[in-house]
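Scroll down for the structure; my scribbles are underneath it.
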Amino acid sequence: MNATNPFDEIEQFLGRTPFAGERAWGRDLRTADIDVAEYDDEYVVMADLPGFDREEIDVRAHDGRLTIAAERDAEREDADRRYLRRERRHESVTRTVDLPATARLEDATANYRHGVLTVTVPLDALDADEGHRIDVD
Amino acid sequence: MTRRDAFDEIEDLLERMGREFEELGGTLGGTGPEVPRFPGARDVDVDVIEDDEAITVVADLPGFDAADVDVELRDDALVIAGSREESAEFDIADAGNGGAEDDADDAGDADSAADAADDTGEADEVRYHRRERRLRSVSRRVPIPEPVEADAATASFDAGVLTVTLPKRSPDDDRGHTIDVS
C-alpha cells in the first residue's frame with residue numbers, strides 16, 4: 001500500500017511547485033493564471049499576461065511540455081516614486097503545461113491580444129484513448 | 001528623541017483596517033447578480049504609485065477591451081470596473097470547431113462561450129484541465145489618499161493594463177478659490 005501525500009495532490013491540483021518563494025495570499029506572483037481547454041482536435045492554453053509586449057513573451061514546446069515565459073523591465077522605485085500598493089504580478093512570469101502525446105507541436109500557433117496569450121496546439125486524430133486497433137485475419 | 005506613542009500605532013492600525021473594510025465593501029457592493037465571490041478575494045490587482053505631481057493607479061485587466069473598462073473617481077476613491085458581455089450561443093461552435101486563428105482572435109469570446117457551454121450542458125466537446133483565469137466581470141475600489149484634480153485625470157489602456165494618472169491638487173487650491181481684489 002502506498003500512502004499518498006496530500007500535499008502532492010494539492011500541488012498537482014494547483015499545477016505549481018510548492019514553496020516556490022513569493023506568494024501573496026496563496027498566489028504565486030511568478031506564475032500566470034491559465035486556462036487549459038481540450039477540444040476534439042486541439043488543445044488551447046490561455047494565459048493572463050497583462051502588460052507585456054509581444055517581443056517580451058517566449059513560448060516554447062519541448063518534450064511534450066509547453067513553457068510560457070514573459071519578462072519586462074522592472075519598474076523603478078526611488079525617493080520620488082513611492083508604491084502605496086503593489087499587488088500586480090512580477091516583471092518575470094513563467095508557466096509550464098503538459099501536453100498530450102497527440103499534440104502536433106510543429107503546427108502550434110500563438111496569439112497575444114489584450115494581455116492574454118492564446119496558444120493553440122492541434123491534436124492528431126489518433127484514437128489514442130482507444131488504443132491501437134489490430135485487424136484480425 | 002520622541003518615543004512613538006502606542007496609541008498612535010493602534011490608531012494607525014485601525015485606520016488601515018478601516019481602509020481595507022472600505023475596500024471590501026466596495027468590492028461586495030459591485031458584484032451584482034453574479035455568483036457571490038469569496039469575500040476579500042481580489043478581482044483586480046493594482047499598483048498605486050505616488051510621486052510629487054501625481055498618484056498613478058495601474059490595474060491588470062487582462063482580456064478586456066478598452067471599451068469594456070469603466071473608470072470613475074467617486075469621493076476619495078477610484079472605481080475600476082471591467083464588464084464582459086455574456087456570449088452568444090453561436091460562439092460555442094466557433095470555439096470548438098473553428099480554426100486556430102478564430103480561437104486566438106476571439107480569445108475572450110471563446111472563454112465566455114465555453115462558460116455558456118458549461119451552463120447549458122453542451123460542453124461535451126470541451127474538457128478543461130485548468131481554469132484559473134477570471135472570466136466574469138470585475139470591479140475594484142481603490143482609495144486615493146490625497147486630494148487630486150479630477151478634471152485633469154487621464155487614463156490609458158494597453159495590453160490589458162489600465163493606467164490612470166491623477167494629478168495632485170496643488171497646495172494653493174486647498175486654501176480655496178482665490179478672488180482677485182480690484
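Numbering starts at 1 and runs along the chain as it is shown here.
Each Cβ is built from the backbone N, Cα and C atoms, and glycine gets one as well.
Note: TrEMBL annotation is automatic and uncurated.
What TrEMBL records for A:25-137 is domain 'SHSP'.
In the domain 'SHSP' (A:25-137), helix, strand and coil residues by DSSP number 9 helix, 55 strand, 49 coil. Confidence across the domain 'SHSP' (A:25-137), taken as the mean pLDDT and rounded to a whole number, stands at 86.
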